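Per Swiss-Prot, the feature active site, proton donor/acceptor maps to TYR117. The (E)-cinnamate binding site annotation in Swiss-Prot covers ASN268, GLN356, ARG362, ASN392, LYS464, GLU492, ASN495 and rests on similarity to another entry. Feature annotation from Swiss-Prot assigns 2,3-didehydroalanine (Ser) to SER211.
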Amino acid sequence: MEAIGAAITKNNSGYDSFCLTNAKNNNIKVSDSDPLNWGVAAEAMKGSHLDEVKRMVDEYRKPVVRLGGETLTISQVAAIAAHDHGVKVELSESARAGVKASSDWVMESMNKGTDSYGVTTVHGATSHRRTKQGGALQKELIRFLNAGIFGNGSESTHTLPHTATRAAMLVRINTLLQGYSGIRFEILEAITKLINNNVTPCLLRGTITASGDLVPLSYIAGLLTGRPNSKAHGPSGEILNAREAFQSAGINDGFFELQPKEGLALVNGTAVGSGLASIVLFEANILAVLSEVLSAIFAEVMQGKPEFTDHLTHKLKHHPGQIEAAAIMEHILDGSAYVKAAKKLHEMDPLQKPKQDRYALRTSPQWLGPLIEVIRFSTKSIEREINSVNDNPLIDVSRNKALHGGNFQGTPIGVSMDNTRLALASIGKLLFAQFSELVNDFYNNGLPSNLSASRNPSLDYGFKGSEIAMASYCSELQYLANPVTTHVQSAEQHNQDVNSLGLISSRKTYEAIEILQLMSSTFLIALCQAIDLRHLEENLKNSVKNMVSHVAKRTLTTGINGELHPSRFCEKDLLRVVDREHVFSYIDDPCSATYPLMQKLRQVLVDHALVNGESEKNLNTSIFQKIATFEDELKTLLPKEVESARGAYENGNTTISNKIKECRSYPLYKFVREELGTSLLTGEKVISPGEECDKLFTAICQGKIIDPLLECLGDWNGAPLPIS
């Protein structure tokens with residue numbers, strides 16, 4: 001072997017690294033100041049979560065992913081996974097020499113008679129057996145690992161999603177590029193062609209992610225070697241056999257005859273679990289930010305008190321996730337037209353609602369903060385995993401030896417995915433609690449029950465069905481929060497007696513992501529409904545005030561002979577009643593004697609009459625005598641005025657514009673209403689809540705919500721407002 005050179009370098013985090021370099025181009029980085037890598041891990045957590053999400057989105061949208069083995073990100077994996085995204089993979093040419101060196105070492109060592117696991121020995125618990133037929137051993141490895149069941153159809157529940165397969169191929173290439181696995185560079189180029197030409201092998205379940213994801217990865221190897229049972233999906237979704245797949249991908253040199261160690265290099269890694277985990281975490285980070293903004297919008301439409309976001313409260317708790325969540329909500333609420341209006345309302349009648357908002361609103365930063373920390377830590381853990389060398393044995397060319405270890409154990413995946421799934425379930429629980437308050441007229445500060453918007457609430461039950469659906473989603477999400485990693489079974493003749501279940505946990509977390517997307521879309525549609533109802537409420541209240549004022553002036557100002565009447569002083573108190581009374585508690589029949597408006601207006605007149613004293617005995621100055629006249633005229637005019645205001649609202653000709661346009665949350669509302677073409681739901685229309693939620697769910701799944709979401713936070717400077 002050739003001599004080892006040494007060099008001091010700076011790694012990405014600024015730490016001094018001592019690099020052992022050999023002529024075969026293998027680099028082993030060991031930091032003098034951070035030998036255990038804790039510093040690098042901590043460095044990766046610096047800065048805000050939102051900035052990190054923005055970087056993810058930027059990376060996701062780049063047209064090329066350049067693989068070198070050490071800089072792959074979860075957003076790049078997610079981008080490649082979305083096969084219609086148009087992102088291409090390029091391999092770093094500088095990695096070729098290192099890959100070739102490890103491949104050559106395997107062949108040289110075998111020719112010398114060196115005994116190496118998986119090269120001259122059989123696999124797993126039967127590694128006591130030896131063979132000199134290295135190529136035949138690789139072929140048998142792929143054959144016996146093809147143990148999955150396709151079932152009926154090409155896209156059965158036993159076949160992994162195309163996105164997961166594409167992610168797995170990308171991650172496996174990245175691992176093998178580092179030159180510790182003993183595989184030819186040409187095989188990595190072939191897998192790259194499959195990705196770039198949208199040819200996706202069909203992978204089956206059946207892995208415990210302990211000796212890597214053996215069974216699913218064996219189907220990639222099976223396609224590369226031309227096994228007759230191999231299947232792939234072509235660019236248009238058509239089913240291809242191995243030969244057709246190679247033709248479609250432009251691989252012209254025929255199927256590969258695997259050399260010693262190459263089959264093991266392909267299958268003995270964590271790429272399927274970590275690839276799917278990367279997809280999951282990209283979505284989880286987006287949903288985490290969305291939950292923060294949704295909580296702020298919830299505070300707006302619920303007329304919440306913004307002091308729950310005050311920086312001092314969260315500074316005293318110390319947790320960075322909580323501090324950032326509160327700062328983001330504070331930014332959304334700062335200057336909000338809803339917050340300003342709610343402040344006036346609270347000042348006018350401080351007893352109208354509880355002194356403190358309920359927990360789903362008031363403690364939302366404390367609830368979401370730790371969950372965001374979990375998701376962020378899991379993101380970094382998986383990012384380390386997809387840049388790791390995770391097969392066995394590892395070929396250390398510089399020391400002329402094969403290292404037998406256990407980097408294939410996917411515990412970082414299983415643990416990260418279990419933790420992420422628990423965080424997703426807790427986010428879902430918060431959204432459900434907020435949704436339940438929003439649709440309940442006992443809690444929602446004047447909004448109608450079930451957010452129904454029709455003229456006749458007896459024939460409109462709004463989001464009642466949606467609340468039932470939300471309960472279903474939340475229950476399933478909480479069930480999925482149960483850990484996978486506690487269900488380990490000893491496998492492979494007790495050789496794999498502890499195993500990570502990484503892919504299983506990733507699959508369950510993938511399910512959890514979809515459910516949280518269902519919940520987020522349903523909740524945001526409901527929030528937009530509430531925003532529109534607040535707009536309708538404001539216009540209806542304005543019309544009621546104008547009519548009450550008009551009727552009061554006509555009937556209460558003067559007496560029979562035109563003289564000023566004591567009842568003229570009632571108008572101010574009558575208007576105060578209108579201001580304080582929730583519009584939707586009476587608006588379907590505003591002059592009904594059983595509804596609070598007419599009762600309280602009459603009570604104002606009665607109270608004034610009681611203090612009118614001796615003047616009540618005189619018909620010309622009696623306020624009691626005016627009550628019937630006032631009520632009769634109001635009953636004649638008010639219903640017509642209310643209907644006129646409703647008509648103006650429906651035609652887009654409102655007197656008062658929608659407050660949401662003055663709020664930082666407006667981009668999300670605008671996206672839902674204008675770009676997706678949703679509208680206020682009523683029992684008078686045919687369209688159902690589910691149809692509107694479906695539009696938003698599809699948009700969320702397609703990533704279309706990202707831009708309006710980030711636009712809401714576009715001018716946030718990354719810090720809380722100063723404590724004043």
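Backbone N, Cα and C define each Cβ position, glycine as well.
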Around the Cβ of ASN268 ((E)-cinnamate binding site), the count of other Cβ atoms that are within 10 Å: 23
Cα distance (Å, whole number) from SER211 (2,3-didehydroalanine (Ser)) to LYS464 ((E)-cinnamate binding site): 49
Densest Cβ neighbourhood among SER211, GLN356, ASN392 (recorded positions), 10 Å radius: SER211
In sequence order, the binding-site residues (GLN356, ARG362, ASN392) whose C-alpha falls within 10 A of the residue listed as '2,3-didehydroalanine (Ser)': ASN392
CB within-chain contacts under 8 A for ARG362 ((E)-cinnamate binding site), separation at least 6: GLY304, PHE308, GLN356
Neighbour tally for LYS464 ((E)-cinnamate binding site), based on other Cβ positions within 10 Å of its Cβ: 15
Structural state of ARG362 ((E)-cinnamate binding site), classified by DSSP into three states: helix
Conformational class of LYS464 ((E)-cinnamate binding site) under the three-state DSSP mapping: helix
